[in-house]
Amino acid sequence: MASGADSKGDDLSTAILKQKNRPNRLIVDEAINEDNSVVSLSQPKMDELQLFRGDTVLLKGKKRREAVCIVLSDDTCSDEKIRMNRVVRNNLRVHLGDVISIQPCPDVKYGKRIHVLPIDDTVEGITGNLFEVYLKPYFLEAYRPIRKGDIFLVRGGMRAVEFKVVETDPSPYCIVAPDTVIHCEGEPIKREDEEESLNEVGYDDIGGCRKQLAQIKEMVELPLRHPALFKAIGVKPPRGILLYGPPGTGKTLIARAVANETGAFFFLINGPEIMSKLAGESESNLRKAFEEAEKNAPAIIFIDELDAIAPKREKTHGEVERRIVSQLLTLMDGLKQRAHVIVMAATNRPNSIDPALRRFGRFDREVDIGIPDATGRLEILQIHTKNMKLADDVDLEQVANETHGHVGADLAALCSEAALQAIRKKMDLIDLEDETIDAEVMNSLAVTMDDFRWALSQSNPSALRETVVEVPQVTWEDIGGLEDVKRELQELVQYPVEHPDKFLKFGMTPSKGVLFYGPPGCGKTLLAKAIANECQANFISIKGPELLTMWFGESEANVREIFDKARQAAPCVLFFDELDSIAKARGGNIGDGGGAADRVINQILTEMDGMSTKKNVFIIGATNRPDIIDPAILRPGRLDQLIYIPLPDEKSRVAILKANLRKSPVAKDVDLEFLAKMTNGFSGADLTEICQRACKLAIRESIESEIRRERERQTNPSAMEVEEDDPVPEIRRDHFEEAMRFARRSVSDNDIRKYEMFAQTLQQSRGFGSFRFPSGNQGGAGPSQGSGGGTGGNVYTEDNDDDLYG
């Protein structure tokens, strides 16, 4: 099946999911013949399967549904297809294009009696005998095979009625012959109950965790269906599976699907329900559950929220919990060989479970059901939207690419939110008081891409609910100047997210950290926001001082939590503002509570280096005191790119002014270039302040003139008819001139000198401006940051004073 070029590891891990190609596997196609008991195949296929016209066959569909039908030949049908009508498809729970298997079923007996009941909403208002009008003509002389649980549709006397086969004798299938007794007494079956069984969860309803599903299938289905396999190879089949992962990824759903698809007896234990106030009763509840499952083997016991009943024994204070853990251990590993009982458990805190439970023989397989990637999210969206009416413009792939860090539950919420938005748009046509809603309105409802966009703006991933992560609304246009810095940043964050293949090609892991330093008010924070917005990554902003708390050890725990969250919501930009407050040089902090700041730094250092390379997590630090930051954080591999953000030069100042006044009406004669020339040494924040003040003055003038006008109107009503134009249509020169009177510089020359010096020393200790390889052709080598690695002796000759041990 798989080509030899495939890497073998991937192949085998999901081998169980592959459909085996067998001649009796056929693709479902729409029927021409509308009969409920007939399926048609092509003649060559019938010969291959050794079937004859009129044979009874057994069809197997999804979720272990079966149906018995009569097979006919149809020359228009292609070899690999099978034609069946809607009724048979519903009984098999399949759609057009799905694959079913067919096998001959020669030993179907004639039925002695069958019991059928109508479904209530199809018989409303029908008086008279159902049997005479519907059932008798349907079964007369037809010799139809039926199976218990089937639903069939009978047309007759103006309308169609659906019946369900409740009981057959002999069970489970038989042929209705002329002497079969047909009962149809009893209450009609409610449509709701029927729908519920239709909506059982199967493997198709789970998206985004193929590998995990394969693992679970081989753990559960192989021992239950073919225990001989394990006997032949001489090992005991595995007993326990522990599913863990963040909330909302579908752990309980997988267990339900496994139960429905395998047909094993399914016993659900909710963790907290076991507990009882009487001594010894909690343990006996557990024992009962296991006994019940053993009676009904093969069985699956599913323990939801395992951490509630099996916490670590040394941590718990209650005696009951300890006894329950011990009881669970002995049950899972009892002396008597447990017959075909598989225990599955789900939790989202695998590390708070008693370690004795996690050894081989108890919960020996731990399946991590993680946050899905883009293809997984697309699968999940397709599952959730398969019953939705989507407009043509909906692009689910795009939605999947934009929902970073969302789990299945978040995507389900997203779909329902989009659907609600579609309904809200039609709200003016819907009257709540009416009994029914107009059919036209119902048919015109469809979910458009705009609804999805709106829902996207509302939803954020549940893993990040408490640290509110929002993609900021700042774009590159909002930032004037700094072109080189922008390019550098794009390379840092956007390339690894958008072109990971290039990094693979050149064999490099992308760098993960940047430190902005420079005088206050030059747009360091703004840059970090813009980069998060541009590449649609999640953005967590951490204010330095918030991490420090008064409790011993809590500050470090905060750091750990933040990094964990970022990993879950990757791609993610972690932005440490005011880095100098938490990453001061270690050792000098006298009077600091028990050295908390030092421990926080150590934690940050280990987190930055222990970042798993798979995840796209970027760290951006910003500070205006680079001289007091611990040097260990500045080494390559942590914050390896140090970017100095200087005060803007004249060109940048023009750009900043333009960016600030993008949305404001400015008079034509305001000369921004001249303004930029005059404001030498001003930071970006100072320029923004000038613009704000000019706007404020214009607003003040406009409001005052309106008040004046109002007064005039009251004194002279006849002047009202004349429409006057806006008194202050734009920001004029005099507003800027007035604003310039209050303008001030926030960064003194002295400070600037300090930053320049720091940047200078960094450049010197890091780069080799004049470095060339000793060959004939002069390779292009500019001053490269942080590339002083492979140049052995040069380090000591150029700047000896910088070396500690020189």
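Note that Cβ sites are derived from N, Cα and C of the backbone, with glycine treated the same way.
It is 797-806, from the ranges 17-26, 347-356, 457-466, 797-806, that Swiss-Prot records as region 'Interaction with UBXN6'. In the three-state DSSP reading, K754 (N6-acetyllysine) counts as helix. Same-chain residues that are not part of G521, C522, G523, K524, T525, L526 yet have a Cβ within 8 Å of the Cβ center of the ATP 2 site turn out to be F516, G518, P520, L527, A622, I645, G684, A685. Taking the C-alpha positions, the distance from L526 (ATP 2 binding site) to S462 (phosphoserine) comes to 26 Å. By a simple count of nearby Cβ atoms, those within 10 Å, the most crowded of the recorded positions K502, K505, K524, K668 is K524.
Nearest to K505 (N6-acetyllysine) in space, judged by Cα atoms and limited to the recorded positions S37, S462, G521, is S462. Among the binding-site residues C522, L526, the residue whose Cβ has the fewest other Cβ atoms within 10 Å is L526. In this view, S770 (phosphoserine) is surrounded by 8 other Cβ atoms within 10 Å of its Cβ, with every protein chain counted.
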